[in-house]
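TrEMBL has this to say about the protein:
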type: ACT_SITE; residues: D52; note: active site, nucleophile
type: ACT_SITE; residues: D54; note: active site, proton donor
type: BINDING; residues: D52, D308; note: Mg(2+) binding site
type: BINDING; residues: D54; note: GMP binding site
Amino acid sequence: MTTSWSDRLQNYADLPANMDGLTMKKYRREPYHRIFVNRSLAMEKIKCFGFDMDYTLAVYKSPEYESLGFELTVERLVSIGYPQELLSFVYDPSFPTRGLVFDTMYGNLLKVDAYGNILVCVHGFNFLRGPEIRERYPNKFIQRDDTERFYILNTLFNLPETYLFACLGTLKEKTVENLEKYVVRDGKLPLLLSRMNEVAKVFLVTNSDYKYTDKIMTYLFDFPHGPKPGTSHRPWQSYFDLILVDARKPLFFGEGTVLRQVDTTTGRLKIGTYTGPLQHGIVYSGGSSDIVCDLLGAKGKDILYIGDHIFGDILKSKKRQGWRTFLVIPELAQELHVWTDKSCEGLLFYCLPQHLDSSSNERPDISTIQRRVKKVTHDMDMCYGMMGSLFRSGSRQTLFASQVMRYADLYAASFINLLYYPFSYLFRAAHVLVTEESVWPVNQEFLIKLQIKPPASC
């Protein structure tokens, strides 16, 4: 099928190229509708779209859902002997963020970069200053490989440590008791999945059991009509070619578990291992990523897997199976808002020691600029929350940002943003010049037209 260039606009800032001497009208998608690219991906090569459920298809309302998890955690701690005073604590959504590292030795929360350098250190709600940090971490550096001491809080479930109650079932019971309060229902979901059904196979892989999955998914698709007004209602199962519950990710991306069928009437598992062909409308339990590929007749790079968990969904599916990956980062909406409003203030800070070399004895006074840099950095961080941006601390990228860039081919605030791109779209990552290539004087507008990002250099 031949597609026009207007349908295949490259993703680098969604700026149109000058193709065959024809200048196309400039076009930009709204920032909140954009999908961001780390590695180029041609949508027309994708044969299967895979989805996680929790925090992907099912978007939990914040801070209501985190507050529920926090309250259950506190109640559990008190019930096993912790002080009653804990019950007076109230969850503050402005404090926690993903990607922090918990130091079990000192009880500190650390914000670090990709190399283990400490960017922010907090003990309780007290932000430690440089000298205080160096008392505990002389080089302001940690060995992230020491997993017995350092624990990375990478998932949205980690915000109030609600994974404890996800395992016990308490959180899920409370969730289904009041779905309207805790779960977002988006009318665009059936429309997107129905369009995906027209061009590829669609599958669901969730760690949740069938009963919980069925209640959540039934609620998400509880509309009086089908994908569009005027069409008949469809059960949620009809949108998926393959449904897998009890997946036990990340084990699912390795050896996996036994594949069994689910009796959807009782929610119980049928006896014996399932070894037959794929049956539409059947719900399976367990399995592995290899089994998914066999049942769908797909290879690793034929699959675009969409999830929110950077370890359980994205890292493992990328490293072990070579699946293409789409990371859902709900916090990105706020990040884009702050960055759009405040980033221009950072344009003041270029390399100051110009026209100086090794013979220069005088050190320029940059104290005023340093104070201004510090203030702008602090002001921007406070716009994100008490722990600052999920992606940056000042000009330095966080550990979470480095993991996103390394393992996620695409990322966005919501997978619903796929509605705003044709399925023939080429998501194209910007070419990045090697640092030494930037010494040559190159016209910046020319680089933009070629979709090349010039590296920052002094």
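Residue numbers in this text run from 1 along the chain shown.
Even glycines carry a Cβ here, placed using N, Cα and C.
Curation plays no part in TrEMBL annotations; they are all automatic predictions.
Cα of the residue listed as 'active site, nucleophile' to Cα of D308 (Mg(2+) binding site): a span of 8 Å. Across the structure, D308 (Mg(2+) binding site) and D54 (active site, proton donor) place their CA atoms 8 angstrom apart. A simple way to gauge crowding: the CB of D52 (active site, nucleophile) has 26 other CB atoms within 10 angstroms, across all the protein chains here.
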